[in-house]
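The Mg(2+) binding site annotation in TrEMBL covers ASN9, GLU386. Per TrEMBL, the feature ATP binding site maps to LYS16, HIS205, LEU206, GLY207, ASN208, GLY209, ASP279, MET280, ARG281, GLY332, ILE333, GLY334, GLU335, ASN336. As annotated by TrEMBL, substrate binding site applies to ARG90. What TrEMBL records for ASP147 is active site, proton donor/acceptor. Summarising the annotation, TrEMBL assigns site 'Transition state stabilizer' to HIS179, ARG238.
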Amino acid sequence: MTQTVLVINSGSSSIKYQLVDPETGDAIAKGIVERIGEALGTIKHVHGADVTEEELPIPDHEVGMREVLRLFDAKGPVLSEAGIVAVGHRIVQGGKYFDGPALVTDEVRDLIERLCPMAPLHNPAHLKGIDVARELMPDIPHVAVFDTAFFQQLPEKASTYALNAEVAEKYAVRRYGAHGTSHQFVSREVAKLLGRDDLKQIVMHLGNGASVSAVKDGKPIDTSMGLTPLEGLMMGSRTGDIDPAVVFHLARQAGMSIDEIDHLFNKESGMKGLTGETDMRSVWGLIGNDEDPETQAKARVAMDIYINRLLKYVGSYTAELGGLDVITFTAGIGENDWRVRRELAEALEPFGVKIDVEKNEGRIGEPRVVSTPDSKVLLLVYPTNEELAIARQALTLL
Ligand code: ADP
């Protein structure tokens, strides 16, 4: 029988799941439970062409997970016959404790709990998923796969802030990075695709949350997210890099509380804060709308800031890498937004980067080269697949 892994991404009010065949990469079934804790929750379960959508009260994660298991048995594939050898749990913050996947024991669970202050929105929600799934599927090994694990290999010069060392040590303040599962998966797949281990790579994971990493000979040497996913690129609703003194300024001058500033920086800034829109398709819509020149101009400036931030990271990471072989674009924007890829590539033209305009605009969905044969740097689009990466990592422990 085919071996499969059930991958679970448990959020504060949602549970995403996917039954993955780690060998072929196929998602045999997948779904999402949303609005847990609200008066009415929703579940969507997809098995092949069969899509089931239900609305029902889902007071907590336990009910949510039980409903998922019920849907598997009712709509297929029946779990006891699905060849599940592991449950893989996505965990955002693994701190200094985890540099790879870990079999979930009570001790591992406690460490994830201890890290809650470092990821207050994520780790507590992951723990709910782990607890419920372990209870409902006690005979299957559960594996935690950490978003930060890949970047535990960062050299100290990239992982350390120039913050007072005693304070940093006492409060575990350092750069942990995020999206590590994706950066690791994509950089490895690119190395395989090109048949080379000795690559100087930049990986751009551009989704609603966005990060960029520099990978040399398969190891990460720098990444744009830091203690939390707030640092680095401009994002859908996050500021990315900003002078930390803005916090002092807003606290003193605007009388804002720390929680208000946290919310402002994470949820009301970035593209949303500059244009009112988080989705890049909507931002391009504003840029194309000649009937509202004021909004159009603001959106164009926001896009210029977005591209300029990407450009700065390419420049600094190329210097850190000591050269550059390939830039790979992945995630929602990286895979779909050909204009972003094109504007960045055009800004890099003075360095011999050449984009193939036609290939770049073609439909993506599979790995493809979008640079011209004479470009000094290869430009690639490689769809990320975090569920598959989690499933494969989980298998390595069995
Ligand atoms: P996350 O996992 O961080 O929520 P995704 O990787 O799914 O994000 O990316 C979502 C984003 O991708 C959307 O907010 C949107 O900006 C962008 N996106 C998706 N499809 C397109 C498209 N066809 N063109 C431009 N941008 C797109």
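The backbone N, Cα and C atoms fix where each Cβ goes, glycine too.
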For the binding-site residues ASN9, ASN208, which one has the sparsest Cβ surroundings, going by other Cβ atoms within 10 Å?
ASN208
Among the recorded positions listed here (ASP147, HIS179, ARG238), which has the Cα closest to the Cα of LEU206 (ATP binding site)?
HIS179
Express the distance between the Cα positions of ASN208 (ATP binding site) and HIS179 (site 'Transition state stabilizer') as a whole number of Å.
12
Filtered recorded positions, from ASN9, ASP147, HIS179, GLU386, whose Cβ is under 6 Å from an atom of ligand 1:
none
Check the DSSP secondary structure of the residue listed as 'active site, proton donor/acceptor', expressed as helix, strand or coil.
coil
Where among the recorded positions ASP147, ASP279, GLU335, GLU386 do you find the Cβ with the fewest other Cβ atoms within 10 Å?
ASP279
Residue pair ARG238 (site 'Transition state stabilizer'), ASP279 (ATP binding site) - Cα distance, angstrom, rounded
13
Per 10 Å Cβ neighbour count, which of the recorded positions LYS16, ARG90, HIS179, ARG238, ARG281 ranks highest?
HIS179
Can you check what DSSP calls LEU206 (ATP binding site), collapsed to helix, strand or coil?
strand
